[in-house]
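J.: Just passing along the structure, written as structure tokens.
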Amino acid sequence: MYHVVAATTNPAKIKAISLAFDDVYGPGQYRIEGINVDSGVPLQPIGSTETRTGARQRVSNARQMRPEADFWVGVEAGIEDNMTFAWMVIEHLQWRGESRSASLMLPDIILQGIRQGRELGDEMADLTGISNVKHKGGAIGIFTDGKLTRTSVYHQALLLALVPFNNEIYQRPAQ
């Protein structure tokens, strides 16, 4: 049984990780442990580079805390221009898989608050009255009326990040 360390305690992210590992390895073939680690970036990362750095740093910190694990998974959401998205980073042994999620265009009223230094989740809570949005369906769930959720979008990106561990072509040396 694989020991998967999720570098988060966010239930929406842990659910997405669980769904992806179910799809790739099968239910009951792993156990997920969520741990709280620092991303090394601001609470609301801006730009793809800062967001990806946050996901990588989460994995690095999780590896230091749980070196005996088989997989370490970092998920970091960010804002770039007028879009929200997330980076997924998964490490196993010496390999790494990465993927960027689909992006959602944000309305100007939300972006205004983000430019003033607020987090997307706080802006969404203020505008909708829904508390702790980022631990639920996220902005994606609200704006798509539940047709997509933070979990469903992250699930898809996590499946892509797992590809290098399950396709032998990725493990062949370059010639």
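Numbering starts at 1 and runs along the chain as it is shown here.
A Cβ is built for glycine as well, from the same backbone N, Cα and C atoms used for every other residue.
Values in this document were obtained by computation on a predicted structure and should not be read as measured data.
Look at Swiss-Prot and you will find THR8, THR9, ASN10, PRO11, ALA12, LYS13, GLU68, ALA69 tagged as substrate binding site, backed by sequence analysis. Here Swiss-Prot flags ASP38, GLU68 as Mg(2+) binding site, drawing on sequence analysis.
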J.: Determine, from DSSP, whether THR9 (substrate binding site) sits in helix, strand or coil.
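T.: DSSP assigns THR9 (substrate binding site) to coil.
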J.: Rounded to a whole number, how many Å is the Cα of THR9 (substrate binding site) away from the Cα of ASP38 (Mg(2+) binding site)?
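T.: THR9 (substrate binding site) to ASP38 (Mg(2+) binding site), Cα-Cα distance: 11 Å.
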J.: At the Cα level, what's the spacing in Å between LYS13 (substrate binding site) and ASP38 (Mg(2+) binding site), rounded?
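T.: Between the alpha carbons of LYS13 (substrate binding site) and ASP38 (Mg(2+) binding site) there are 15 Å.
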J.: How many whole Å apart are the CA atoms of ASN10 (substrate binding site) and ASP38 (Mg(2+) binding site)?
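T.: For ASN10 (substrate binding site) versus ASP38 (Mg(2+) binding site), the Cα atoms are 13 Å apart.
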J.: Looking only at C-alpha atoms, tell me how far ALA12 (substrate binding site) is from ASP38 (Mg(2+) binding site), rounded to the nearest Å.
T.: 18
J.: Neighbour count first, Cβ atoms within 10 Å, every protein chain included; then name which of ALA12, ALA69 tops the list of binding-site residues.
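T.: Buried the deepest by this measure is ALA12.
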J.: Tally every other Cβ atom lying within 10 Å of the Cβ atom of ASN10 (substrate binding site).
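T.: There are 21 such Cβ atoms around ASN10 (substrate binding site).
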J.: Does anything in the same chain, at least 6 positions from GLU68 (substrate binding site), have a Cβ under 8 Å from its Cβ, and if so what?
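T.: The list for GLU68 (substrate binding site) reads HIS3, given in order along the sequence.
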J.: Among all the protein chains here, how many other CB atoms are within 10 A of the CB of ASP38 (Mg(2+) binding site)?
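T.: For ASP38 (Mg(2+) binding site), the 10 Å Cβ neighbour count is 10.
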J.: Rounded to the nearest angstrom, how far is the Cα of ASP38 (Mg(2+) binding site) from the Cα of PRO11 (substrate binding site)?
T.: 17
J.: Would you mind pulling the longest C-alpha to C-alpha span across THR8, THR9, ASN10, PRO11, ALA12, LYS13, GLU68, ALA69, which the record has binding substrate, in angstrom?
T.: 25
J.: Quick one: pull the CA-CA distance for ALA69 (substrate binding site) versus ASP38 (Mg(2+) binding site), whole Å only.
T.: 18
J.: Given the binding-site residues THR8, THR9, and counting only Cβ atoms in the protein chains shown, which has the most within 10 Å of its Cβ?
T.: THR8
